[in-house]
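Here the structure is laid out as structure tokens; the discussion comes afterwards.
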Amino acid sequence: MDVQEKSAIDKSAIEPPVAGADTIAAVSSGSGGAVAVIRLSGPQAGAVLVALAGRLPEPRRAHLARLRHPTSGEVLDQGLALWFPGPRSATGEDMAELQIHGGRAVVAAVLGAVLAVPGLRPAEAGEFTRRAFLNGRMDLTEAEGLADLIGAQTQAQRRLAFAHAFGHLGQRVEDWRRRLIRAMALIEAGIDFADEDDVPAGARALARPEVEALQAELQAALADRRGALVREGALIAIAGLPNAGKSSLINALAQRDIAIVSDEPGTTRDLLEVALDLDGHKATLVDTAGLREAESKVEAEGIRRARARIADADLVLWVHDLSAGPAPEACPSIEVDAPLWLVANKIDRADAAPAPSAGWAVQDYNVSAASGEGLEALTRGIGGFIAARTEGEHPALIRARHRASAGQAAAHLAVALGQWERLDDELLAEELRLAARALGRMTGAIGVEDLLDVVFREFCIGK
Ligand SMILES: Nc1nc2c(ncn2[C@@H]2O[C@H](COP(=O)(O)OP(=O)(O)OP(=O)(O)O)[C@@H](O)[C@H]2O)c(=O)[nH]1
Ligand SMILES: [K+]
Ligand SMILES: [Mg+2]
């Protein structure tokens, strides 16, 4: 079989060719700015510029123009017109951009005039990016990265999304896929030339180390949770005995009154979550019910939920009330895989007795949720914890979709490697082919019709 043919990106199978498509237009800038940007893509983009601005500007140069309504001739605004002929444009099609005054009436008038040109229609959400993908200007992972870049809230998210948007993940996956296809070709050579003596009976032996290496890389990528940690944020559970000051602590860290605080033990029942930017890292803090023998069914349910959420956490802060006595040597009532930090609270109280306790992952946070003392150090500590967990080379897998594809690929490779000597050539090659296919779905190189709506609906209109 022809290796080239298999590795080629075949998008013609996905949708009819885009040539002859509608020309789309949308306001691509956010609302309320002094300048608004109207973007156009499609075969009529140039015609719109001629109709409104009077001429086609030099490619990729801003040109100051009076913009007129194409039929009435009324001057609507003065702004910059730009012309990006395809295929060297963002979408691969002819594109145009009008930078105009951002007032609502101006934008409505100019957009109305653009859409009055025959062949024009308003763009749907994500449609520019979708066209860029269909025209081979970016792969699916780059499109996802772009969505993340636009939505990034913390600096760590921005950095990861930027790498992702500009091909970091796509290149890794294509590299895996190419190597897999090479190994498959070796084995298939064995199939095609089975009767000939000079074909390496050792084709399998040659292919195996490569497949093993690939499997190891896939496993390492799957084991690496940094992508989710940056994108979705670290989950930090606040746990402790009743009245330790957990709700007071989440309020103090969030600088908002989100949880009810009272001197009555067993106040918190439901899980309460708040997303915070801690030193440039996204974290979700969750306040939980105080852990004890519950006094009511509702409290028991609260405690059950607390334990379940604590088990999922990336970090657990065990809040201890120093006025109730020195901190215990080790956590009294939970066992988790995540690091458990001791946060000794209420140091403002005269009867507080801070004392080092050795049995904790980190044990020197003495704070007062009431006065705020020690909270800055705690925030920095948590930021540092997330930073340490996410540093290094950018992770290969970021979304659940990527993990699912990589997981499928790894499962096929596991079958292949597990029965390497027993499977006949066709079956062995088939497992490798299925693994390559799973990887191809990640970048959109093959078989992704069903994914497109999922990926592109995340975008806003104009992107
Ligand atoms: N002096 C002092 N009192 C505090 C501090 N933090 C909390 N408290 C008090 O401790 C009591 C319990 O606080 P909460 O925040 O409701 O404690 P909790 O751990 O959420 O309690 P449950 O939800 O019932 O498990 C309240 O009366 C708070 O005002 C602190 O740093 N100093
Ligand atoms: K309480
Ligand atoms: Mg509480």
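Each Cβ is built from the backbone N, Cα and C atoms, and glycine gets one as well.
What TrEMBL records for this protein:
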type    : residues                  : note
BINDING : R39, E97, R137, K463      : (6S)-5-formyl-5,6,7,8-tetrahydrofolate binding site
DOMAIN  : 233-387                   : domain 'TrmE-type G'
BINDING : 243-248, 262-268, 287-290 : GTP binding site
BINDING : S247, T268                : Mg(2+) binding site
Minimum Cα separation from R39 ((6S)-5-formyl-5,6,7,8-tetrahydrofolate binding site), reported as the residue among binding-site residues N243, S262, P265, T268 that achieves it: T268
Where the C-beta lies under 6 angstroms from ligand 1, the matching binding-site residues among R137, N243, K246, S247, P265, T268: N243, K246, S247, P265, T268
Binding-site residues listed as R39, K246, K463, least Cβ neighbours within 10 Å: K463
Separation of alpha carbons, S247 (Mg(2+) binding site) and A289 (GTP binding site) (Å): 9
N243 (GTP binding site), number of other Cβ atoms within 10 Å: 22
Binding-site residues clustered about T268 (GTP binding site) [Cα within 10 Å; pool: R137, S247, K463]: S247
DSSP state at R39 ((6S)-5-formyl-5,6,7,8-tetrahydrofolate binding site), helix/strand/coil: strand
Same chain, 6+ residues apart, C-beta under 8 Å of the C-beta of E97 ((6S)-5-formyl-5,6,7,8-tetrahydrofolate binding site), given in sequence order: S28, V37, I38, R39, L40, L80, A81, L82, F84
S262 (GTP binding site) as reference: those binding-site residues from R137, S247, K463 with C-alpha within 10 Å of it: S247
Chain-internal residues near R137 ((6S)-5-formyl-5,6,7,8-tetrahydrofolate binding site), provided their CB is under 8 angstroms and they sit 6+ positions away: A90, T91, G92
Number of Cβ atoms other than its own within 10 Å, given for P265 (GTP binding site): 14
Distance in Å spanning the most remote Cα pair of R39, E97, R137, K463, given for (6S)-5-formyl-5,6,7,8-tetrahydrofolate: 18
Those residues of the chain, 6+ apart, with a Cβ under 8 Å from that of S247 (Mg(2+) binding site): A259, I260, V261, T267, T268, L272, D287
